[in-house]
Amino acid sequence: MGHFTEEDKATITSLWGKVNVEDAGGETLGRLLVVYPWTQRFFDSFGNLSSASAIMGNPKVKAHGKKVLTSLGDATKHLDDLKGTFAQLSELHCDKLHVDPENFKLLGNVLVTVLAIHFGKEFTPEVQASWQKMVTAVASALSSRYH
């Protein structure tokens, strides 16, 4: 698990306060499903995922993306205990949903891309480094049940 400096924590929480969770969540999950189409198999119940425009406009994708980012927002308040914060979600994704833990890394990388798009010049290399550390640590926490 990554160790977060006080600067990392400040950088993460400062940017997070400006994130529109609904928009960024839908875009992040939508992009994951478009860019990595094999991840769609976990979302059979979401209806039409036949094209990029269908995925990006799908209300179930948007709603679940918001749920995912809301959970990530909670994590920004518990950076020193991500494993504990995500224990139940790790169990759900491992035992019940059988999600490949590699997908958590992919989702984190897509989120970093979405943040870069949304925040432009404000998303400096230093901000990116803190967020990359965050999404890597979250992916590790979500994967903890698999080991």
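Cβ atoms here come from the backbone N, Cα and C positions, even for glycine.
Note that the coordinates shown come from a computational prediction; the quantities given were computed from them, not determined experimentally.
As annotated by Swiss-Prot, N-acetylglycine applies to G2, with the evidence given as experimental evidence.
Annotated domain 'Globin' per Swiss-Prot: 3-147, in sequence order, evidence recorded as sequence analysis. In terms of DSSP helix, strand and coil, the domain 'Globin' (3-147) has 119 helix, 0 strand, 26 coil.
Under the heading phosphothreonine, Swiss-Prot lists T13, citing similarity to another entry as support.
Taken from Swiss-Prot, the feature phosphoserine applies to S45 (among others). There are 6 other Cβ atoms within 10 Å of the Cβ belonging to S45 (phosphoserine).
Taken from Swiss-Prot, the feature phosphoserine covers S51 (among others).
The phosphoserine annotation in Swiss-Prot covers S53 (among others) and rests on a large-scale study or a structure entry.
According to Swiss-Prot, the feature N6-acetyllysine maps to K60 (among others), an assignment based on similarity to another entry.
Taking Cβ-Cβ distances under 8 Å and a sequence separation of 6 or more, the neighbours of H64 (heme b binding site) in its chain are G25, L29, F43, F46. Feature annotation from Swiss-Prot assigns heme b binding site to H64, H93.
Residues annotated as N6-acetyllysine in Swiss-Prot, with similarity to another entry given as evidence: K83 (among others).
According to Swiss-Prot, the S-nitrosocysteine annotation covers C94, on the basis of similarity to another entry.
Swiss-Prot lists S140 (among others) with the feature phosphoserine, giving a large-scale study or a structure entry as the kind of evidence.
Most buried of the modified residues T13, S51, S140, judged by other Cβ atoms within 10 Å, is S140.
Annotated pair K60 (N6-acetyllysine) and S51 (phosphoserine), C-alpha to C-alpha distance, rounded: 15 Å. By a simple count of nearby Cβ atoms, those within 10 Å, the most crowded of the modified residues S53, K60 is K60.
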